[in-house]
Amino acid sequence: KTATADWLMSQTKHRPQVAIICGSGLGMLADTLKCQDSFAYADIPGFPQSTVQGHAGQLVFGELKGKTCVCMQGRFHMYEGHSLCKTTFPIRVFKLLGVETLIVTNAAGSLADGFQTGDIMIIKDHINFPGLVGLNPLCGPNDDKFGPRFPAMSGCYDKGLRCLAMEIAKELGVASVLQEGVYAMVGGPNFETIAEARLLHRLGVDAVGMSTAPEVVVATHCGLRVFGLSLITNKVVKSYEDTESVNHEGVLEIGRLRSHTVQQLPNSLSYF
Ligand SMILES: O=P(O)(O)O[C@@H]1C[C@H](O)[C@@H](CO)O1
C-alpha cells in the first residue's frame, strides 16, 4: 500500500481529502472533477484490475468545490475472485494519501415496500453477510498502524453526514426520491432467489447488493468518516407470481437515467 501511495503522490500534485467509490453504472460521479489526473488501474503499481462491465477501471483525481477528491471509477467485488484484502486495498491507499472522508455508492435491489426503482437510499447501516461468517477483510494479523484489532462498527455511517445529505436533498428538490435504510451485502454474483429475497425482507433489509460492506469495514477501522448511497436499480422479486427478473444491463441503465440526481449529493457533500 505504501509503495502504491508513494507512486500516486509522485504522479499527481493532488492530495485528496475525500474519496468516492463509484458503484455499477455510476462512474459519471468523476465527470464533474476539475483539473483531472487519471490513472488506469493497470498502470498503478499494486492495484487490482476491474473485470465488471460498468466499472471503467481508473482512478481520477481532481477538485470539487474547492476540495480535492479521488474517485474510483470501478470497484472490486468478492465475486470477481479478488481476496477481500485486494477488494479493499484502495481504502488503505486513500488513508495513506491523507483522505479523511469516504463516499461509497452502489447499485442495489430494493426489498423495502415503499421504495421505487430510481430512488436513492442513504445507507444508515449494513448487514455484512460474508463478514458474519468470517469473510472479513480484517481477518488475519491486525495492522496496528491502521487501526485496532476489534474495531466498533456501531456508528460506521456518519450521522452528521447523513443528516446533512437530507438537508441538501431538500434544498436540491430531490427529497421525494430520497430514502434511508439498511443495506445488506451478499456474495453474488447471482441475484437472489425468491426465498432468499423473502428472508432478507423479514430480516429488515431495505436494499441488497454485492459490495460496499468490506470497504466500509476497512475505512471505519482506519478512522475514515463514511457516507454511503445506494441507487435502487430494481425491486427484488419477492413473489412467485412475479414474472419480471433482474439483469445487469437493467441495473446499468437505471444508473444512466438517474446519473444527474445521483451526482448531486456526493458533489455537495464533498464540500463539507
Ligand atoms: O458495484 P456495485 O455494488 O454497485 O454493483 C452491483 C452489484 C453487482 O456488482 C452488480 C449487479 O448488477 O451491481
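Residue numbering: from 1, along the chain as shown.
Glycine residues also receive a Cβ, built from the backbone N, Cα and C atoms like all the rest.
As written in TrEMBL, here are the features:
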DOMAIN    18-246  domain 'Nucleoside phosphorylase'
BINDING   Ser24, His55, Arg75, Phe76, His77, Ala107, Ser211  phosphate binding site
BINDING   Glu192, Asn234  purine D-ribonucleoside binding site
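Candidate binding-site residues: His55, Phe76, Ala107, Ser211. Nearest to Asn234 (purine D-ribonucleoside binding site) by Cα distance: Ala107. Taking His55, Phe76, His77, Glu192, Asn234 as the candidate binding-site residues, the subset whose CB lies under 6 angstroms from any atom of ligand 1 consists of His77. In the three-state DSSP scheme, Asn234 (purine D-ribonucleoside binding site) falls into the strand class. A straight line from the CA of Glu192 (purine D-ribonucleoside binding site) to the CA of Ser211 (phosphate binding site) spans 14 Å.
In the three-state DSSP classification, His77 (phosphate binding site) falls within coil.
Remark: Ser24 (phosphate binding site) has Val52, Gly54, His55, Asn106, Ala107, Thr233, His248, Val251, Leu252, Gly255 as non-local neighbours, by Cβ distance under 8 Å and separation of at least 6 in sequence. Cβ neighbours of His77 (phosphate binding site) (same chain, under 8 Å, six or more residues apart in sequence): Val52, Thr87, Gly188, Pro189, Met210, Ser211. Phe76 (phosphate binding site) is surrounded by 29 other CB atoms, counting those within 10 A of its CB over all protein chains shown. Using a 10 Å Cβ-Cβ cutoff, Ala107 (phosphate binding site) registers 25 neighbours. With the fewest other Cβ atoms inside 10 Å of its Cβ, the least crowded of the binding-site residues Ser211, Asn234 in this structure is Asn234.
Using a 10 Å Cβ-Cβ cutoff, Arg75 (phosphate binding site) registers 26 neighbours. A sphere of 10 angstroms centred on the C-beta of His55 (phosphate binding site) encloses 23 other C-beta atoms.
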